[in-house]
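K.L.:
When I checked TrEMBL for this same protein, it listed these features:
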DOMAIN    B:72-261  domain 'ABC transmembrane type-1'
TRANSMEM  B:12-33  transmembrane segment
TRANSMEM  B:68-95  transmembrane segment
TRANSMEM  B:107-124  transmembrane segment
TRANSMEM  B:136-157  transmembrane segment
TRANSMEM  B:186-207  transmembrane segment
TRANSMEM  B:243-261  transmembrane segment
Amino acid sequence: MNEHVLEEKQITMKKQAVKKNRNTYLWGWLLIAPTAIGLIVLNIIPVFQTLLMSFQNVSTFGTSTFVGLDNYVKMFSDAEFWQSLRNTLVYTVIQVPLTVILSTIAAVLVNTKIKGVGIYRVIYFLPMIAAPAAVAMVWRWLYNSEFGLINTILGYFGLENVQWLSDPNVVLWSIIIVGIWSNIGYNMILLLAGLQEIPQEYYEAATVDGAGKIRQFFQITVPLLTPQLFFVLVTSVISALQIFDIIFIMFDVTNPSLNKAQSLVYMFFNESFVLNDKGYGSAVVMVLVVIIMCITAIQLIAQKKWVTYD
Amino acid sequence: MHNEPTKKSKLFIHIVLIIGSIIMILPFVWMFLTSGKTIPETTSIPPTILPESFQWENYKNVWNVLPFVAFFLNTGIMIVVRVVTSTLFSAMAAFAVAKLEFPGKNLFFWMVLTQMMIPAQIFLTPQYLLVQNIGMLNTVTALIIPGIISAFGTFLLRQFFMKLPDELMEAATIDGANIWQIFARIYLPLAKSGLVSLSIFTALFAYKDLMWPLIVNISQEKMTLSAGLASLQGQFTSNYPQLMAGSVISIIPMIILYIIFQKQFIQGIATTGGK
C-alpha cells in the first residue's frame, strides 16, 4: 500500500475520532442540561442566597439591608431558639433509637416463614402512605384530653387522664409517639431488604452448632445487617431533625405549650413565612444545616467502627 | 429468623405482629368511625365505638366547605408533572453520567451529591422568592417547580445504568444509532424497574409534602390535599366528625393506589432506600 494513502487514512480516522468525541461531549451536556440548570437555579444558588440572607434584614418585598451578625446575635440570645433546638435534639435522640429498634424487630418478625407475613408488611407500611396532615389530625383527636380514645383506654386501666397536647412535660412525648408510629413501616421495609440478603446457610450452620435464636440474632443478623442499619440510622436522624408536619397540625398557634413542642424547622417556618422575618429565619435554617451536616459527618466517620461491608 | 420456626414460636410471632398491626391500623379505623358519628356521639363519656347510624352528611358537608375537586386536580397535576419531568430528566442525566465521557461530568455529579446531602429547608426561602419574582405564587405551577428535577433520582438511576453493560452502547454505535437513540431505545427500557421505583417515590413524597404548598399557595383553590386539609383544622377546631371525614377523603386515593400496587410500592421504597 502506498504510504501516502495510509497517512491520509490515519488522518481521517483521527478526525472522525475527534468528531465523535465532540459529538459525545455535546450529547453529554445536552442530556445533563435540564438537571444541571435546575440544580443550579433551584438548589446551588439558593444555598448562597440563604447564607447571604442570614446576614441581612429582608423586607416583605425583597429589599434587603446588610446587618452583619445581628440575626445570629439575636438568635443566640433568643430563649425560643434554645428551646426549639432542645426540643429538636431531644426528639431525635429518643425517637430515632426507639424507631430503629422497633423496626428491626418488626423486620425480623415479618421475615419469618409464617402465614400472612405479606399482610403484616402491608399494614405496617400504611402510615407511610397517608398524608401527614391526616395522620396528625387523627392523632390530635386520639390525644384529646376529654374525649380522646387514648385517655379512654387509659381510664379503663384506672389511669388518670394525660394532657397529651397541653401538658408542657408531655407534649414532646406525644410527638415522639406519632413519629415512631409513622416511621416504623418505612424502616422495616428497608431493613427487610437487607435481611433477605443474608444467606440461609449461616443460620443452619449456627443451629447445627447449637446457637439459640437470640444468639443467632446478635451474632449473625445484626452484624450482617449493619449496612442497612447504618443507612436507616443516618436517614432517620436527618428526617427527625427536620420534624415539622406533626407539630404544625397537632398544635394550634395559640397553644401555650407550643414552645415546648416546636422544632427548629417549625421556628424557621414561623419566622420566615408567618412573621415574615426571612433574614432571621435563614439564620435559624443555617444552624439547622450545620447541625445536620456535622452529625451526618460524625456518623460517616463512626461507621468504620461498627458497619461491616462484605 | 429465616429458618422454619416451631409451632409455639410461630404463635408467639403472630401475637406480637397482630398487636403491632392493631396499633398501626387503629388510628385509621378510628378516623373512619369518627367520620360517621354525630358531634354528641364523639363527646359522650364513655365514647361510643360505632356510630349509631353512619352520618354520610359529614362527608357532604366537608366536601361543600372545602374545594376538594380543586385539591384533587392540583395534587394530581403536581404529581403527574413532577413524576414525568423529574423521571425523564433524571434518566437522561443518569445515563450521561453512567455511560458517556465528557468534560464537567464529575463537577455535575458532585452537584448532585451535594444537593442530596443538604437539608431541603435551606432551599425554601430562595425558591419561594424565585416563584414570587416570576409572578407564580398561588398557581399550580408553583407547586410543581421544586420537583421538576431530582438529584436523588439522578443518583438512583445512575446506579441502574451502571449495572447495564457498556457493550450495548458499542454495538448500537456500530449500527449507526445516535446517542439519544441508544439512550431511549436500548438503555431506558432496561432500567424500567428503576423508573417505576423512582416514580412511586416521587409521587408519594410529592403527595405528602406539606410545607411547600403551604407557603406558596395561599388561596384554597390552589392548594393540594395535604395543605388543604391543614386549613380545615382552623375552620372546625372541635368538629371532629367533619375533620375526620376530610382526612378520610384526602387519604383514600393513595390508599386505593397502595392496595392495588402494594408490591410495587414496597419494592419501590426498598430499592430507593437500598444502597
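In case you wondered, yes, glycine gets a Cβ from its N, Cα and C as well.
Can you walk me through where each of these features ends up in the structure?
P.N.:
If you look at the transmembrane segment (B:107-124), the same-chain residues 6 or more away from its ends with a CB under 8 A from one of its CBs are 93, 97, 146, 151-152, 154-155, 158, 211-212, 215.
Counting same-chain residues at least six beyond the ends of the transmembrane segment (B:243-261), those with a Cβ under 8 angstroms from any Cβ of the stretch are 28, 31-32, 34-35, 58-59, 61-63, 66, 68, 71-72, 200, 204, 207, 225-226, 228-229, 232-233, 236.
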K.L.:
Using Cβ distances below 8 Å and needing 3 or more such pairs, separated by at least 6 in sequence, tell me whether the transmembrane segment (B:186-207) contacts the transmembrane segment (B:12-33).
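P.N.:
No; fewer than 3 Cβ pairs under 8 Å.
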